[in-house]
């Protein structure tokens, strides 16, 4: 799952790069337009089947079928937005007037905020998990800590227990919020346990427990992440505030970042008003009759919406964490310029990627002990992600596709880095032509990456129909132009890699 820094790629003529930009941008707009037309033409049928909501914009309906977006949007309206604002106010006041009390105050606030939404019983579930994980970690046996925490995560899939917990709440959404909280906190408990096993702290158990409480109930990251390791959290929270950090700079950052988050939210809402992609993907008949350009637009719209959605879901917590002097993971990189499975994992959810590398991939050997260890470590990392997301059949296919994609990419990289192939390429291809060959190979990788993401976002039936229509039936008509446009996307991605902002 890791790779060495890439060598500087050869520059291409500016006119060629401009052509790639025009073709990439134009193909996005035209395919989105075709999907919009299809959405409006079949709006009545979609309305009858999926109950499209009344839109925020006049004359438009709203597609409500993305569960995650609807779920977090409703919770933000009810309470989460206000509790996050409260966290920011508490942090600023304590940081200004009582710096030594800032961490305890934020911990207490996070615990109270969690109690207000999850209820006492829901928080008690988390406290039981925390206590068991902390107790087993004192034995300093990584294998025992893993076993304990995996057993705790497995409680998410015990139906009799879930029925009991569901009875605590009036709505299904409240129960889902508890499930999300248990899943995300499970990653934190594993992080604490392994850090303690590897580097036992000199401080007493009471101090460690207090830091674990703070880490677990840090409100911006509590429900949905992004993920930060226990080691990073404690080190960053202990750092004194820099003298150069003035109220003016914090305020300007707050205004600018809030403006960006609002813009991302508007883009996400606009997308589900003009393109009913989530409703269309839920009906196999519509997937079968979509025109080719609209089919491509559906694939792009689904992955782009997923990207913009997480800019919002990670953007607000990351902004508050930055104001708290933490260094949150970078926000997701645009999926249209992702040209490899490895890059997707590294740059979309950087926090989860670092977590997997630190606690699964490297401890199991990684790339240090040969190919078999690397395959084994990578496979277990993807297996854990599959289990953590729910372990459903479509997630198993998705994990296998990603595992295979990463292995194939690493295998090809090893082949092209071998002295024989490297010398052949240098003798027979210019640097610019070698880059074009890389982009061509990346176009095929991107096609498989998009297919795997469609399985993750829409299920096995979506991936199956896309495979049939693009590669089985459309191998001579649909696949070639699609790969040509993906080649353009890959060149834009390679350009960004060579000249990062």
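Even glycines carry a Cβ here, placed using N, Cα and C.
Residues annotated as transmembrane segment in TrEMBL: 110-132, 144-161, 176-194, 261-281, 293-316, 371-391, 437-462, 474-494.
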Outside the transmembrane segment (437-462), six or more residues from its ends: residues with CB under 8 Å to it: 9, 281-282, 284, 287, 299, 302-303, 306, 335, 338-341, 344, 393-395, 397-398, 401-402, 405, 408-409, 412, 429, 470, 482-484, 486-487, 489-491, 493-494
Feature contact check the transmembrane segment (261-281) with the transmembrane segment (293-316), CB under 8 Å, 3 or more pairs: yes
Folded-back contacts onto the transmembrane segment (474-494), same chain, C-beta under 8 angstroms, at least six residues removed: 9, 12, 17, 19-21, 23-24, 27, 292, 295-296, 336-339, 343, 435-436, 438-440, 442-444, 446-447
Long-range environment of the transmembrane segment (371-391) - Cβ separation under 8 angstroms, sequence gap at least 6: 1, 153, 156-157, 183, 186-187, 352, 356, 360-362, 364-365, 398-400, 402-403, 406-407, 410
Long-range neighbours of the transmembrane segment (144-161), counting only residues six or more past its ends (CB under 8 A): 129, 132-133, 136-137, 179, 182-183, 186, 189-190, 193-194, 197, 387-388, 390-391
